[in-house]
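Worksheet: one structure, shown below.
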Amino acid sequence: MEHTYQYAWIIPLLPLPVTMSIGFGLLLIPTATKSIRRMWAFPSVLLLSIGLIFSANLAFQQINGSFIYQYLWSWTINNDFSLEFGYFIDPLTSVMLILITTVGIMVLIYSDNYMSHDQGYLRFFAYMSFFNASMLGLVTSSNLIQIYIFWELVGMCSYLLIGFWFTRPSAASACQKAFITNRVGDFGLLLGILGFYWITGSFEFRDLFETFNKLNNEGNSLFPTLCAFLLFLGAIAKSAQFPLHVWLPDAMEGPTPISALIHAATMVAAGIFLVARLLPLFTGIPYIMNIISLIGVITLLLGATLALAQRDIKRSLAYSTMSQLGYIMLALGLGSYRAALFHLITHAYSKALLFLGSGSIIHSMEPLVGYSPDKSQNMVLMGGLTRYIPITRTTFLLGTLSLCGIPPLACFWSKDEILSESWLYSPSFAVIAYFTAGLTAFYMFRVYLLTFEGSLHVNFQNYSGTQNTSAYSISLWGKEEPKSVNSLFSTMKTNNETKNILFFEKNIYQFNENVINQMRDFTTPFLRKNTSMYPHESDNTMLYPLLILVVFTLFVGFIGIPLVQGEGEIDLNLLSKWLAPSKNLLYPNSEDSIDLYDFFINASFSVSIATGGIFLAFIFYGSPYSPLQNLDLMNLLVKIGTKTKRVSLDKIANIVYNWSHNRGYIDIFYTNVVTQSIRELAKLTQFFDRYIIDGITNSVGVLSFFAGEAIKYLVGGGRISFYLFFYLFFILIFVYFLFLSL
């Protein structure tokens with residue numbers, strides 16, 4: 001056991017050789033390096049697999065084990081200040097190591113095919129390997145300084161990958177937005193680290209917790225509360241929590257595989273990791289725990305409402321990620337360490353599955369609509385993909401059901417535990433959390449139904465509002481190029497189906513029924529042909545990671561089933577044994593396992609809410625040929641209600657659309673108020689600097705010049721040195737008498 005821990009420092013270093021080899025290869029022998037570029041995927045996967053083996057070994061040894069501090073190197077500046085670098089292994093570290101390596105391996109295998117035709121293939125794998133190394137270094141850090149160093153490296157890799165196609169203006173803008181937003185959080189994190197060092201005199205976690213608990217008993221908690229909030233500010237930005245969440249949807253401009261790794265399973269979880277790591281510190285400051293839970297509940301509701309009317313499939317999943325991270329943050333604010341960590345595990349695998357599934361969907365749509373994200377990621381142009389990509393559809397459906405909280409899939413067990421814990425803390429928070437669970441089921445099945453049910457909705461004329469049928473493809477370096485598209489794929493839709501697709505949308509396009517019937521007979525035979533011009537299933541190297549993540553989605557939830565079979569029998573709660581001696585900080589004396597009857601009572605309520613959300617999604621977005629559509633429930637509701645109620649329903653739908661389409665008006669507020677105010681302040685500062693500061697300086701010079709000229713004129717000639725001496729003499733006399741008067 002000690003022998004394994006002794007070499008744990010190797011884990012963060014394993015991905016680095018790939019990054020360094022690609023970098024030196026492109027610098028020294030670029031032609032040879034590019035000629036064997038597809039071979040670089042193998043060492044990337046191999047080295048990360050070795051890291052997975054080490055991580056799994058450490059995780060098994062952590063069951064009922066103790067924490068391990070190991071110092072590798074010390075930098076001593078003087079006798080009073082030194083920095084010690086090493087690694088810290090505990091259950092939280094083990095969880096994150098396994099998450100990063102497993103999801104990272106799946107993403108690297110997937111990316112080999114997804115990025116195979118991209119000119120930046122080598123650059124992509126270099127960035128990904130460096131990100132994996134930075135993230136592994138972050139979670140094994142033994143002190144706050146180490147965390148901050150790797151925190152910045154993780155952020156740098158994120159910016160590089162978000163702006164991977166840097167010639168596209170939208171990608172460059174998204175990269176800048178992510179950088180600026182995270183600068184706010186990172187600056188707060190740095191100030192918080194320095195503040196706690198000033199309080200405790202140490203950066204080490206163990207010393208920090210012990211010293212702060214002793215000092216906390218003496219009172220005067222204002223400054224520690226401020227420092228703790230600054231630390232939490234870093235987590236708010238990195239984990240896309242309100243109000244610093246605005247960068248995450250724009251980050252979808254990067255390649256889809258990075259969304260699965262960085263913006264679902266790992267980097268956005270870095271903020272969660274930081275709060276979980278510092279939770280013993282935060283629990284001594286009640287105000288901070290209240291703030292954490294409040295930010296979490298606001299974020300989970302906001303993310304769900306913003307996802308209700310999104311057209312872009314990746315942005316819908318991004319807002320879903322934001323909402324689910326809000327659930328985890330709420331659990332941490334409640335002090336429910338185990339529930340938060342459990343949902344972190346289950347959500348990471350389910351959301352990675354969904355993001356990789358969305359990449360497979362986009363990959364299948366690109367031959368039809370071109371390589372423009374506005375079209376290939378637009379759910380309005382999808383539909384009926386079940387018959388073309390059945391494997392992707394099955395995996396995406398399982399990931400959707402898991403995120404909705406449907407048993408026995410993974411997210412059901414963890415989300416239900418958070419919902420139960422929220423009742424113990426605040427019924428009002430619990431009501432919001434349960435309501436958001438219903439919204440989650442609604443918008444996730446909205447994504448699924450718009451993508452896979454019905455028929456193919458590719459219709460460029462009606463979508464773009466133009467008369468031509470040309471699309472725009474984005475080249476491998478982001479340059480837009482015109483690309484002709486076969487007009488055969490302007491598939492007609494029935495009126496009922498069109499309404500379902502564009503619910504919460506501004507414009508609903510109507511078609512003549514006679515034209516629709518004529519075109520349907522013409523297009524149906526062609527739709528049954530398996531040609532390259534129709535959506536097609538992805539290659540095996542993209543499907544294998546999906547199938548493996550399905551296995552995790554199906555079974556990873558069973559490690560935390562909070563059930564006990566009876567007195568003296570086996571406790572099924574393996575996660576609690578793994579996390580021992582970590583305790584639930586909300587109620588330390590409570591048991592982690594609950595009775596079977598109580599569990600089913602709690603679970604039935606959450607499952608009922610999720611089922612209701614799915615039912616509503618089928619009503620609004622289901623196929624026009626489904627049994628629910630035959631019931632015509634919408635018209636039934638209109639007949640039962642009055643015309644006034646119908647108008648009110650339309651107004652509500654319009655409000656929901658505007659709220660979601662405008663991102664809750666938060667981006668508009670930042671642009672029109674915050675950004676504009678900063679610009680006006682900058683202009684005022686520039687005016688003050690140019691006309692006041694520079695004016696005073698220039699005025700002194702001008703006055704000196706005219707004074708010299710006046711003296712020269714009065715004296716009537718002579719050597720210039722005499723004039724200067726005469727001038728300075730009177731200045732000194734004036735200053736002397738001025739000081740005497742004071």
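Using the three backbone atoms N, Cα and C, a Cβ is placed for every residue, glycine included.
Pulled from Swiss-Prot:
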type	residues	note
TRANSMEM	40-60	transmembrane segment
TRANSMEM	89-109	transmembrane segment
TRANSMEM	125-145	transmembrane segment
TRANSMEM	185-205	transmembrane segment
TRANSMEM	228-248	transmembrane segment
TRANSMEM	256-276	transmembrane segment
TRANSMEM	288-308	transmembrane segment
TRANSMEM	325-345	transmembrane segment
TRANSMEM	352-372	transmembrane segment
TRANSMEM	394-414	transmembrane segment
TRANSMEM	544-564	transmembrane segment
TRANSMEM	720-740	transmembrane segment
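Panel annotation: around the transmembrane segment (256-276), residues 92, 96, 99-100, 103-104, 106-107, 110-111, 114-115, 128, 131, 135, 138-139, 147, 151, 154, 157-158, 161-162, 164, 189, 231-232, 234-241, 248, 282, 292, 314, 317-318, 321, 325, 328-329, 332, 337, 340-341, 344, 348-349, 351-352, 354-356, 358-359, 362 of the same chain, lying at least six beyond its termini, place a Cβ under 8 Å from a Cβ of the stretch.
Stretch with the most C-beta contacts under 8 angstroms to the transmembrane segment (394-414), considering only 89-109, 288-308, 325-345, 720-740: 325-345. The recorded stretches the transmembrane segment (40-60) and the transmembrane segment (125-145) share 3+ CB pairs below 8 A when only pairs 6 or more apart in sequence are counted, and are therefore in contact. Counting Cβ pairs closer than 8 Å to the transmembrane segment (228-248), the top stretch among 325-345, 352-372, 544-564 is 325-345.
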